[in-house]
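Listed features, source TrEMBL:
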DOMAIN    1-199  domain 'Major facilitator superfamily (MFS) profile'
TRANSMEM  7-26  transmembrane segment
TRANSMEM  52-76  transmembrane segment
TRANSMEM  83-108  transmembrane segment
TRANSMEM  176-197  transmembrane segment
TRANSMEM  230-249  transmembrane segment
TRANSMEM  363-380  transmembrane segment
TRANSMEM  387-406  transmembrane segment
TRANSMEM  412-430  transmembrane segment
TRANSMEM  442-460  transmembrane segment
TRANSMEM  480-499  transmembrane segment
Amino acid sequence: MEDKSELHVRWLVLFLSCLLMIGNYYCFDNPAALKIQLQQHFSYIHKDRYEFLFNLLYTLYSVPNILLPFFGGVLVDRFGARVMLFAFSTAILAGQFIFATGCSLSSFNLMLFGRVIFGFGGESLGVAQGTLVASWFKNSELALALGINLSVARLGSVINNELSPFVAQAFSVSKALWVGVIMCMASAFTVLLLIPIDQRADQLTKKRNQKKEVCEGDSIHFSDVRHFRLAFWLLALSCLVVYGCVIPFNNVASSLLMERDFFKEPPELCRRCGDGLYIRKIDCQEIVDGCPSVPPYGWPLPLLSTNCTIKEPLDQWNCSSSPPLIEGDKINCDEEAWKVGPLTKMYCATKTNAAQKAATPMSIPYIISAVISPFLGFAVDRIGLRAMLALVASLALTLVHILLGLTQVSLYVPLLLQGVAYSVFAAALWPSVPFVVEAKHVGTAYGAITAIQNIGLALFPLAVASEFNHNNRYIPGVELLFASFGLLGSIVGVALNVVDFQNGSILNRKGAKKRRDFMPDEDGIDKEALLAAER
């Protein structure tokens, strides 16, 4: 037996590697699926401050990955995929453990620290895992294997969006995060299963020291960036702004959809018990005539003073009803005293149910991406038009956020469109990189563009928090901010098409066989592109 790609056990390796990434994707989006529940848990934090801290969870995840893309692959090459799989999966488990512990102790600072540790392993785990899979699959099987890996991994986000709000509603938001720890433990366990299988295969195929086979041309050198042409920098800028209107949107999508579709602010006369049309309804056990239905509108707020101290459910009867009155962000529906309190139980029940429903549509773009991504790469390779498709995807994402922010169209229309546009953009962008740099600079180019992407993913969440805090609303301000990112991506896309035309339409050239005219190692390109497109 000369190569691991000839062993039948490679399909078991693929299965285990798919399971390995599910925990990573599940926990990456843990905060997004539980944004409302976390805000209730940390009700003592002012709304503006919470919005900043919540988005900081994603900023701090991305900060390590501004530099790690340059070193993650080098570490894998030097120490081997098995060692780094164990190291990165341990970092993810440790980060999620600290994150969940912080929530249990009501320490947001500890949660922030956990996300930093999680970030050190999150992105690089995909590099190590992809490198291992690439050693087991060759030629036509490689792209299929990596595509399946990516699709199954994205299902981790879908499972999180469904399971985490359910656990938070049934138990508590802290317990929902501890489920994430269990998912990470399961993923780490698959590493322990993979290592002996891979070691045994190396012994069978007499390839005990594969890291010596690393090609010099794939090494990353910072100095290579000075050789990159304008087309590369346009691709990088397009990546920065277009991903800026996709990933940060998902971070706050549950709150945004609550405000837009599932827990709208009622008319002024219907906003509080004991006031307006509820003047004779102190406990608000039902919706009165003249007020809109719940859902899609929110339940009226209880007639409780913001200065109340409530430790037991029945404490609410002894609470003052004098101004200033309590607002929704100060009602901690994660605690039993509020969850079953006589004056807040209906508010908490309807809000928690709405939060759970709002998390479900968040999965739509990921489901679409998981289904069509493995096939889009082959389709784009056939038809070419990479720069044009990137432009069309940017325009589509701009339309997505205009529809969400300025219209009342069903949320499923823009979310379906986002899933398709997001997948098309990734399929067009990442395989384009080898066409605009020299073969020996491909590794550095992918490291650079991933680092630039993470600069955006670190900064844009803070911009979202700033815009929200300006009006204390997501719509239309935050959605128009996302639309502006998409519009900027469209402008960059136009410039990219102009530059590509001047360069002989390298990116827009039709036909898969043209690819080999520029880059001799096609399988290597597919691996690099799929690994870079993980998010």
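Backbone N, Cα and C define each Cβ position, glycine as well.
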Contact between the transmembrane segment (480-499) and the transmembrane segment (176-197) (3 or more Cβ pairs under 8 Å, separation 6+): no
Interface-richest range of 52-76, 83-108, 412-430 toward the transmembrane segment (176-197), CB pairs under 8 Å: 83-108
Winner by Cβ pairs under 8 Å against the transmembrane segment (387-406), considering only 230-249, 363-380, 442-460: 230-249
Arithmetic mean of per-residue pLDDT over the domain 'Major facilitator superfamily (MFS) profile' (1-199): 89
